[in-house]
Every structure is written in C-alpha cells, then in structure tokens.
Amino acid sequence: LLMTGVESGRDAYIAKNYNCVYHCFRDDYCNGLCTENGADSGYCYLAGKYGNACWCINLPDDKPIRIPGKCHRR
C-alpha cells in the first residue's frame, strides 16, 4: 500500500546540531519551538533523561530528534 501526501510524526525530544537537546524551564518556550518546527505542541519535560528539555508532540519525521549517544558540542 503506497500512501502519498501523508506525513507522520513522533513524540520526542527535539534536537539541535550535534545531537543536543534544547534545555528549558518554561512550557511556552518549548511549545513555540515545537510548533515552529511543525509539531502539534510541546512542553518542558522537567528532570527527564536529559535534564529539563523540550519534548514535542507529533514532531514531523524530517525534524531532528535526540537519539541515544552523546551530545557532541563544538
């Protein structure tokens, strides 16, 4: 079955370059960041696996997410 024009999304930590999360303290910051990148919404996940970081709901597949491994800062 081939479906065209259908976009899928995932719930995940949105990532910067080098596999790093966006740290946060406020939900409105993350909601803005996530929706600007095509997600339905977002919030600041407090004390999560990567500390306080932005979590997006239904983030498009073409946007980077945090994957296992280190954050490689420049």
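Residue 1 is the first one shown; counting continues down the chain.
Backbone N, Cα and C define each Cβ position, glycine as well.
Around the Cβ of Cys71 (disulfide bond), a 10 Å sphere holds 13 further Cβ atoms from the protein chains shown. Secondary structure from DSSP puts Cys71 (disulfide bond) in coil. According to Swiss-Prot, the disulfide bond annotation covers Cys20-Cys71 (among others).
Marked as disulfide bond by Swiss-Prot: Cys24-Cys44 (among others). Residues within less than 8 Å, Cβ to Cβ, of Cys24 (disulfide bond) and separated from it by at least 6 positions along the same chain comprise Cys30, Cys44, Asn52, Ala53, Cys54.
The disulfide bond feature in Swiss-Prot is assigned to Cys30-Cys54 (among others). Packing around Cys30 (disulfide bond) is summarised by its Cβ count: 26 other Cβ atoms lie within 10 angstroms of its Cβ, all protein chains included. The DSSP secondary structure for Cys30 (disulfide bond) is helix.
All protein chains considered, the CB of Cys34 (disulfide bond) has 23 other CB atoms within 10 Å. Positions annotated as disulfide bond by Swiss-Prot, on the basis of sequence analysis: Cys34-Cys56 (among others).
The domain 'LCN-type CS-alpha/beta' annotation in Swiss-Prot covers 10-72 and rests on sequence analysis.
Summarising the annotation, Swiss-Prot assigns signal peptide to 1-8 and lists similarity to another entry as the type of evidence.
Geometry remark: Cys71 (disulfide bond) versus Cys56 (disulfide bond), CA distance 18 Å.
The two recorded residues, Cys56 (disulfide bond) and Cys20 (disulfide bond), have Cα atoms 15 Å apart.
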